[in-house]
Amino acid sequence: MRYLTAGESHGPQLTTILEGIPAGLPLTAEDINEDLARRQKGHGRGRRMQIEKDTVEIFSGVRHGYTLGSPITLVVENNDWKHWTKIMGIEPISEEDQEEVKRKITRPRPGHADLNGAIKYGHRDMRNVLERSSARETTVRVAAGAVARKFLSELGITVAGHVTEIGGVKANPSPIQSLQVLKDVTEASPVRCFDKNVEQEMMDAIDTAKQNGDSIGGVVEVIVEGMPSGVGSYVHYDRKLDGKLAAAIMSINAFKGVEFGVGFEAARLPGSQVHDEIAWSKEQGYYRLSNNLGGFEGGMTTGMPIVVRGVMKPIPTLYKPLQSVDIDSKEPFQASIERSDSCAVPAASVVAEAVVAWEVASALVEQFGQDRLELIKENVQRMREHAAEF
Ligand SMILES: Cc1cc2nc3c(=O)[nH]c(=O)nc-3n(C[C@H](O)[C@H](O)[C@H](O)COP(=O)(O)O)c2cc1C
Ligand SMILES: C=C(O[C@@H]1CC(C(=O)O)=C[C@@H](OP(=O)(O)O)[C@H]1O)C(=O)O
């Protein structure tokens with residue numbers, strides 16, 4: 001499976017075309033809208049989120065509520081576009097608007113794609129870069145992920161993302177055993193964190209950063225339950241599913257690191273405290289006595305939950321702007337200020353969920369059949385039985 005996205009942050013719409021979603025999957029716009037709404041929430045978002053009310057339109061690939069196996073086109077309109085038609089160059093500009101509307105962005109913001117993108121594509125106006133490098137694009141990545149998640153639910157696989165750290169405030173390890181309970185608690189939290197004791201501290205940290213004209217980052221975690229074992233492969237580097245998931249997390253704007261299970265802590269622990277001992281029972285078949293490796297051995301799923309975390313850097317646009325250089329005058333300047341979020345870690349946990357759901361769904365489709373949902377269901381069931389009897 002693969003998808004492309006298109007659209008500028010302040011253009012008329014964002015579009016994605018999904019290729020390879022099997023036929024026969026029940027799918028409505030409501031399935032996707034729920035996730036779009038979840039991405040828009042979270043303490044620390046800027047004014048743009050009050051303007052947008054993201055909803056999807058399905059333009060192809062679905063008839064009478066079922067996927068056809070043909071490309072699925074999804075579109076999310078930008079409400080804010082009506083304020084940007086002149087700047088985006090879609091409407092003719094009157095004489096008196098010329099100067100204001102054609103004003104170029106020439107002061108790159110540190111931490112953004114502005115300078116590298118301008119040099120690479122030869123843009124003297126860095127709006128030509130920022131319009132596309134903006135995380136507005138994650139809207140349709142979440143739409144794609146929602147379709148993948150619907151597919152996974154048909155196979156009894158659940159994906160949940162949440163926040164474990166913001167600005168140095170850490171959630172205590174989850175006492176919650178059930179993924180459904182974790183999901184319910186997290187959805188009710190303004191920072192998408194399961195730990196009620198630190199939720200307020202996280203919000204305070206965001207507010208303080210904002211008051212200081214600063215920004216903060218954090219850590220998100222995604223858990224996938226119900227995966228059969230043996231998905232992915234050890235036989236070639238580009239078939240390792242943990243590698244694909246790491247790339248997917250790293251592709252989210254502002255993500256700077258990924259870990260599975262105990263992750264970087266593995267560097268400090270002896271092997272006896274890292275590797276997950278193997279057991280067997282008639283009811284469960286093979287299982288592990290722990291899940292320190294986050295559901296992967298040899299690039300393949302172990303059948304234990306996948307546990308992957310990603311670290312998001314602080315938002316780069318600061319109201320207290322950092323030093324930069326004007327690309328026309330070459331003089332030092334304060335970076336340009338665009339309207340901005342002060343923390344988007346809660347929103348990013350929904351994006352992380354979406355990109356993980358897509359990769360996992362894609363791996364299952366590749367391994368268990370590509371065309372029909374029913375066929376894939378049968379093949380996954382057969383794999384589960386094979387593993388249990390092995
Ligand atoms: C959901 C989400 C919202 C974001 N909102 C902003 C924002 O309002 N302002 C900003 O400067 N960066 C924001 N970012 C981060 C930038 O898009 C990102 O840092 C930038 O495109 C450079 O890419 P890189 O950090 O991956 O190198 C956001 C990221 C995500 C995932
Ligand atoms: C629009 C979204 O996020 C945007 C991501 C973003 C950036 O630089 O990445 C900058 C801001 O854009 P604007 O200047 O239009 O307010 C955020 O609002 C969104 O998440 O839907």
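Note that Cβ sites are derived from N, Cα and C of the backbone, with glycine treated the same way.
Annotated FMN binding in TrEMBL involves Arg132, Ser133, Ser134, Asn253, Ala254, Gly298, Lys313, Pro314, Ile315, Pro316, Thr317 plus, out of the candidates Arg107, Arg149, Arg339, the residue Arg339. With respect to ligand 2, the binding-site residues Arg45, Arg132, Ser134, Ala254, Lys313, Ile315 contribute Ser134 as residues with a C-beta closer than 6 angstroms to one of its atoms, given in sequence order.
Arg45 (NADP(+) binding site) is 15 Å away from Ala254 (FMN binding site) when you measure Cα to Cα. Cβ neighbour count within 10 Å across all protein chains ranks Thr317 highest among the binding-site residues Ser134, Thr317. Listed in sequence order, the residues of the same chain lying 6 or more apart from Ile315 (FMN binding site) and placing their CB within less than 8 Å of its CB are Ser215, Ile216, Gly217, Ala254, Ser340, Asp341, Ser342, Cys343, Ala344.
Proximity to ligand 1 at the level of Cβ atoms, with a cut-off under 6 angstroms, picks out none of the binding-site residues Arg39, Arg45, Arg132.
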